[in-house]
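S.K.: So that we are looking at the same thing, I have put the structure below in structure tokens.
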Amino acid sequence: MNTVEYKINELFETIQGEGAFTGQPSIFIRLQGCPVACSWCDTKHTWEIELEDKVTKEQIIAKTQETSQWASFSPEQILSLFKVQGFKAKHIVITGGEPCMVDLTPLCQTLEKAGYSCQIETSGTFDVRTTKDCWVTVSPKVNMRGGYEILASAMKRANEIKHPVATEQHVDDLKSLLAKHKVTNTPVYLQPISQKQRATELAIATCIENNWRLSVQVHKYIGIE
Ligand SMILES: C[S@@+](CC[C@H](N)C(=O)[O-])C[C@H]1O[C@@H](n2cnc3c(N)ncnc32)[C@H](O)[C@@H]1O
Ligand SMILES: Nc1nc2[nH]cc(C(=O)O)c2c(=O)[nH]1
Ligand code: SF4
Ligand SMILES: [Mg+2]
């Protein structure tokens, strides 16, 4: 019997809007907690884990706004919730916050055993603990306020690298990282930060120059979660 529990900020079904799985109907599990502190992070409400923000599972399911509230769920409770909610997607995206602060293996094992495919969105600053079949999207974070560094093990485990960009410095940071970790075959996506026009223009030009791919956070353009 698995007794592990995960602190969940949000659980919802939508279309994956980023990276290689863009367009894929997906159930998102958003975990609470991240110490990396990217200045431009679009989910700052997930950073702190405060005990006073602990609420019931029902309140998390009923959430309609971004809040720092969270509830604990076991893998089995997550799975049965999918059924209660009538979710149809067979692909799960585990994000946050920083999901790799905890061991995701029991969660992914339970979900995969039930026939789902799993994907993790991570900053690459914590050990990636998951199943071998889980798709790992590493979005490396360089020189962020929290002071965390990219782990070689995370770069090696990555099935795709999705790098947020707004400046030439971000592009240079990525090139240094790829050289340092000898990444040659992993698909690279550039993701313009916060849909800014200049960031998007830079990302397009840099993708063409380097034969990388563009990831534009489709969900934000079409106004879905
Ligand atoms: C909110 S993070 C959560 C998962 C994990 N902490 C990470 O950074 O990968 C999910 C994805 O959104 C990206 N992201 C966050 N804020 C963004 C922004 N303002 N513009 C574009 N991408 C952003 C991250 O780089 C990451 O790829
Ligand atoms: N639709 C949709 N796609 C996403 N891909 C990554 C997301 C994230 O916040 O990690 C995200 C998100 O929040 N919504
Ligand atoms: S690592 Fe991810 S969740 Fe954490 S601050 Fe950066 S973008 Fe936000
Ligand atoms: Mg998001």
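Even glycines carry a Cβ here, placed using N, Cα and C.
According to TrEMBL:
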- Ile15, Gln16, Gly17, Arg30, Thr95: substrate binding site (BINDING)
- 21-225: domain 'Radical SAM core' (DOMAIN)
- Cys34, Cys38, Cys41: [4Fe-4S] cluster binding site (BINDING)
- Trp40, Cys41, Asp42, Gly97, Ser139, Pro140, Lys141: S-adenosyl-L-methionine binding site (BINDING)
- Thr43: Mg(2+) binding site (BINDING)
S.K.: Please list the binding-site residues from Gln16, Gly17, Thr95, Ser139, Pro140, Lys141 whose Cβ falls under 6 Å of any atom in ligand 2.
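M.R.: What lies within reach of ligand 2, judged by Cβ under 6 Å, is Gln16, Gly17, Thr95.
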S.K.: Roughly how many Å separate the Cα of Thr95 (substrate binding site) from that of Cys34 ([4Fe-4S] cluster binding site), to the nearest whole number?
M.R.: 11
S.K.: Return the average pLDDT for the domain 'Radical SAM core' (21-225) as a whole number.
M.R.: 98
S.K.: Which residues of the same chain, at least 6 positions away in sequence, have a Cβ lying under 8 Å from the Cβ of Arg30 (substrate binding site)?
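M.R.: Looking at Cβ-Cβ distances below 8 Å from Arg30 (substrate binding site), excluding near sequence neighbours, one finds Ile8, Asn9, Glu10, Leu11, Thr43, Thr46, Thr95, Gly96, Gly97.
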S.K.: Identify all same-chain residues not among Cys34, Cys38, Cys41 whose C-beta atom falls within 8 angstroms of the centroid of the [4Fe-4S] cluster site's C-beta atoms; report them in sequence order.
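M.R.: Filtered neighbour residues, in order: Val36, Ala37, Thr43, Lys44, Trp47, Glu98, Ser123, Lys141, Met144.
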S.K.: Among the binding-site residues listed here, Gly17, Gly97, Pro140, whose Cβ has the fewest other Cβ atoms inside 10 Å?
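M.R.: Among the binding-site residues Gly17, Gly97, Pro140, the sparsest Cβ neighbourhood within 10 Å belongs to Gly17.
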